[in-house]
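What Swiss-Prot records for this protein:
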TRANSIT   1-24  transit peptide
BINDING   F381  21-hydroxyprogesterone binding site
BINDING   C450  heme binding site
Amino acid sequence: MALRAKAEVCVAAPWLSLQRARALGTRAARAPRTVLPFEAMPQHPGNRWLRLLQIWREQGYEHLHLEMHQTFQELGPIFRYNLGGPRMVCVMLPEDVEKLQQVDSLHPCRMILEPWVAYRQHRGHKCGVFLLNGPEWRFNRLRLNPDVLSPKAVQRFLPMVDAVARDFSQALKKKVLQNARGSLTLDVQPSIFHYTIEASNLALFGERLGLVGHSPSSASLNFLHALEVMFKSTVQLMFMPRSLSRWISPKVWKEHFEAWDCIFQYGDNCIQKIYQELAFNRPQHYTGIVAELLLKAELSLEAIKANSMELTAGSVDTTAFPLLMTLFELARNPDVQQILRQESLAAAASISEHPQKATTELPLLRAALKETLRLYPVGLFLERVVSSDLVLQNYHIPAGTLVQVFLYSLGRNAALFPRPERYNPQRWLDIRGSGRNFHHVPFGFGMRQCLGRRLAEAEMLLLLHHVLKHFLVETLTQEDIKMVYSFILRPGTSPLLTFRAIN
């Protein structure tokens, strides 16, 4: 991946095995007590123009996570990174995440994701909270939280997700039992994607799409393809100034806009259905998140559309890939899988009667999801544009600096997680109440944590609960799966898994 062996630390990244990358630690010496100036901070080696040329030539930045992990080893837990924009600092320790939260203002600021914003400006669409900053962000966020993120909201949409998870398990069981051996080996990734679309669509818009156990519609397949193109083109464009990329990558911009057109059309159709139904009669029971937002009318219709679009686009890949990697890790760690199965079976009757109890009666399964996201953080980094000066690792960080927290390296720090290469959900139960609040931050922190976090957690928890009750999950593959960065961190290949029915 590197252009020069000395200038770019990513020279070995494409061939660096995940097993080796997991075991890398931080060899940084203890920082001196005197606060050092920003300019004294170690800097990521290499020429930024060569790096941009490399991204353009390779049509992406697939090994970003390995490159940055290697750089942390060589430079320590903090360094500067120059991509031509504002001052940028990379960190990977929980203590720095905590300091970032402590200095959060009323309007915690993120960098503008230019390709996404450019599309919305060009098409005349509003931005949702993922893309907003300042007072408008806070106004929207405070009115979205009660119906999307609050415990009360979770209690309302969780039974809807549970119904889809049950259907997924039953559809899979039907396929397995059609085989005389009582087992089925398949690439389950497409089915998981259909599940996440179905569950999210039901929770958001109150409508079943018939994707689970049935052949997907052309509209759903087009939506999935559009998401893939959108994420890939985002990486190809996000590291370059628009003034440059519009000239050297016009085809990518065209693909990016066409993908968003498809995504917006999909989401807009869903919202229009709800809007028309509400115009005729007020529902007597809960019919989903978007209906509640429309009924309350605390946000404009355009703002509800904008935020619904972000939730729709952000609720598929980001949930499906952690689910796939959890199933893979449980398949190659059968002892862990059996313990989780026992927990699910013990709680089955209670959860069947009250699906909401899944959030409290499956602590080890919740820990398994934390362990998956430690090893495979679907969002590679968190970011803040700090509003005031602060000190990180004894270096002065001026206001206006972009600070990025790299979760891939945080999760593989042996000083924080002994034997970090080992898949061990129990470690999360062992550290509960130990004050390590910032060891698990895959959904962000503070007021800017992921708005769809609780929906994603419910979808993952319930699917795994129902699958573990009915199937042994096996794999012949013991080797690590190569992960690639494509705006989200995803497996480069999908593992074949065997589902064996439990009598």
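Cβ from N, Cα, C; glycine included.
Sequence-distant contacts of F381 (21-hydroxyprogesterone binding site), defined as residues of its own chain at least six apart whose C-beta falls under 8 angstroms from its C-beta, comprise C90, Q404, V405, F406, L407. On its own chain, C450 (heme binding site) has G314, G379, F443, G444, A456 as residues at least 6 apart in sequence with a Cβ closer than 8 Å to its own Cβ. The DSSP secondary structure for C450 (heme binding site) is coil.
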